[in-house]
Structures are given as C-alpha cells and as structure tokens.
Amino acid sequence: MLEVVVKLALVAAAFAVLPLLVGQIEHKVMAHMQGRLGPMYAGAFHGWAQLVADGVKFVQKEDVVPAAADRRIFKLAPVVALVPYLLVLLVVPVGPRGQVALDLGPGVFFALAVMGVGVIGAIMAGWASANKYSLLGGMRVAAQLMSYELPMVFAASSVAMAAGTLSLPGIVGEWRWYWLPWQAVGGVVFFVAGLAELRRPPFDMPVADSEIIFGPYTEYGGLRFALFILAEYAGIVVLCALTTVLFLGGWKGPFLDAELGWLWTLAKVLVLAFLVIWLRVSYPRLREDQLQRLAWVWLVPLSLAQLALTGVLKVAVG
Amino acid sequence: MQDYFHTYGVVAALAAVGGALVAGGLAANRLLRPSRPTTEKLTTYECGVDPVGEGWAQSYVRYYVFAYLYVVFAVDAVFLFPWATVFSAPGYGMTTLGEMFVFLAFLAVGLAYAGKKGVLSWV
C-alpha cells in the first residue's frame, strides 16, 4: 500500500515539474534560436522562475464564462484536456526492475486510448464556447484526429509485434540496439502523428493564433486557459516519453543501465522535447487539408509498410 | 480477478489525485480572484465588434468521408494489438504472417480505392 502511495506521489510530482521544465526550456531555446534572451528577471538567474510567476498571475485572474456559452461543459473542458496525460504517465517505465508506477498488461493500448481522451477536452471547449472561431477550431481538432490516430496506432502495434508484448516495461526489456534501424520508419511516423495530436507547430492549425485566435481557447482566460496550456506541455512530455519507451529503448543506455536507467530515460525525453521545440521554430504552419494528405498519402502507407517489415523480419529471424 | 480490480483501482486513484490537483487550483483561484462581470465582458469575442448571429452555426463538415474511412480502419487496427502478442509464438510463424499480408492487402486496396475515387482530397 505504501509503495503504491509513494509511486502515485512520484507520478504526480513528475507531472507537476516536467511540463514546467519543458515550458521553460521552450522559452529559452526559442529565444536563443531567434536571437533573443527570453525571460531574464523572474527568479534572478536567467528567468528560471518565469513559469512560477505566470502561475501566480493566472491564479489571481478573473474567471470569465461568456453569457452565450454552455456553462458546465465550458468549465469542465480544461480538466478533461489535462488529467488524461497524468494517467498515461502511470504506465511509463523510467527504469528496470519495477521502476514503473503500474506495470499494466495492455500498457501500449491503455496509453494510446487514454491519450486520445485529452483531445475530447479541446473539442468540448470548441463547441461549448459558442464562438465562431472556437467552433472552427474545434472542427479542426476533430479533422486532425482523423488523420493522425491511425498511423499512430499502426506504428505502436509494430513495436508490440516486435516485442511480442503490450506491456511497456516488457517492450523496453525486449528492446535491442538493432531496433533503431528496424523500427525507424515507425518511430518517425509515431512522433509526427503525436505532434499532430498535440496540435504543436507545424500542425497547430486548430489553435492558429493569427487566423482563428487560438481556436477552442478563444473564450478562455485565467486559470482555465493556463490548464489548457499546461495540458499542451504535459502532452509533450507524454509523447516524448512514449516515443522513448517504444522506439528508443527507454532506460537502456551505453552503460550502467541498472543504476542510471532513470537518467537515460529522462535524457532521451528531454532530447525529444528539444526536437519538438526546434520544429516549432523551424517550420511554418500546414493547412488542414495538407495534414490530411500527409497522413493518408504518407503516414498510413508508411506505417503499413513498417508492419509488413516487422512481421517478415520477426518470423524470418525469430 | 483480484489483480485486475487492484490494477485499475490504482488508475482510478490517480484519476482522483489529478481531479484533486485541478480542483485545488481552481479553489485557490476562487479565493484569490476578483469577480466583476459586466455585460460587455460576457459577450462572445468577435474581434471587438458585436457578435453577429449565434456561435453554433450549421456548417458543412468537409472531411466526413475521412471520418468514415477512419472508423473503418480504426476498427480493423484494434484487432492488431491482441494479435501482435502471439503472432510469432512457436507454431504460428508462417500462417500468421500470411494472415497479416491478407489484412494489409485489404487495407491497402481500400486505401487505393479511396484514393482512386478522389476521396483523399479536401472538397
């Protein structure tokens, strides 16, 4: 019982800290890539406390619900967007020999299913706001869902085939270095599809601030808006963690896997998070139809080819 | 069965923790925030002018064919997961691999047909 409580506390702590860490890294990395300094004052040392200051500000802000909105759904939406990402962290292993909060048998399936629930939050927000921009944004969220979910599921099941198990610690246990080239296509497909799920640039057309004014979040302000933004960064952590566990060998590193496993996991997650930020700085926003095309003409066939490759090699070699 | 409920009991416990975290934040927000609603503040945002009509407008969902396609494919894809865990088990091997190619062929032909019909372009 005590073990379960400690693990739940650790998961909650990781959920509270890692998204803020990624957010702060994004502030600084983006700034330096654009020849700026980024936050410099809050907390004195290179603005490390900027997001804490933001949180203090958000918590004091007025909670405005538009008169035309569907009140209850409007207020509930940020919670639906945020909590699923916490639940996914439950099944992500950080190290060998039971360093996972919950070794769930159908782990991959659970992670993908629960991660999908977060998207419902954005659709709820888009519909409940009773705002034309929000409605457009919500429709775009739904359109995006059609495109990325399928290649993501195919890519993940390719790894499950290679490992012969759905449990995430089991998959990392089976992982060998030659999976990197073997599952490379699936890994790229999974990561790109994940970016689309998180509505991160270059796939941020549902929130497109310069055309539909943050889409589903137009009417939100104060703490509820902050919860949506937190959900975005929690989503980055979850996507990077799942990519690490499924495709990059999780806790396995060049040496000292048993002792430093958690450090390898964390390092891989942060490198991927850096990549997510780098893509945001580098690429312009796609159109919704371009994403649909990318998904159905490239990602789905590529992930099907990956399935075939995985199956043939697994049977031929094994 | 005992294990099964225990496992998902942990999931439910964490969901409760998450709910409590958010509820705590919103409660702090309730204590700290001002509340001065005015009619203007509560209007729907439309770039600063008075909103025209309702926010819930009827619109043409241009991607509904994708939605059909997605549902069909996703239902197929779900069956991959249980299959993936056993397909290379001793005694299966070539049979399951053959089945996999039948499955992939169905999906590929469906996709090619949809592409040929011009469904995979935004209308």
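Cβ coordinates are placed from backbone N, Cα and C, and glycine is handled just like the others.
Summarising the annotation, TrEMBL assigns transmembrane segment to A:6-23, A:76-95, A:107-129, A:150-171, A:177-196, A:225-249, A:261-283, A:295-317.
Sequence-distant contacts of the transmembrane segment (A:107-129), counting only residues of its own chain at least 6 positions beyond either end whose CB sits under 8 Å from a CB of the stretch, comprise 66, 69-70, 73-74, 76-82, 84-85, 87-88, 91-92, 135-139, 141-142, 145, 149, 152-153, 156-157, 159-160, 166-171, 197, 199, 206, 215-220, 228, 231, 235, 238, 242, 246. When Cβ-Cβ distances under 8 Å to the transmembrane segment (A:150-171) are tallied for each of A:6-23, A:177-196, A:225-249, A:261-283, A:295-317, the top count falls to A:295-317.
Within its own chain, the transmembrane segment (A:225-249) has Cβ neighbours under 8 Å at 15, 18-20, 22-23, 26, 54-55, 58, 78-79, 81-82, 85-86, 88-89, 92-93, 108, 111, 115, 118, 121-122, 125, 156, 159, 168, 171-172, 175, 177, 179-180, 183, 186-187, 190-191, 194-195, 197-200, 217, 265, 268-270, 272-273, 276, counting only residues six or more beyond its boundaries. Remark: the transmembrane segment (A:295-317) contacts the transmembrane segment (A:177-196), by the rule of 3 or more CB pairs under 8 A.
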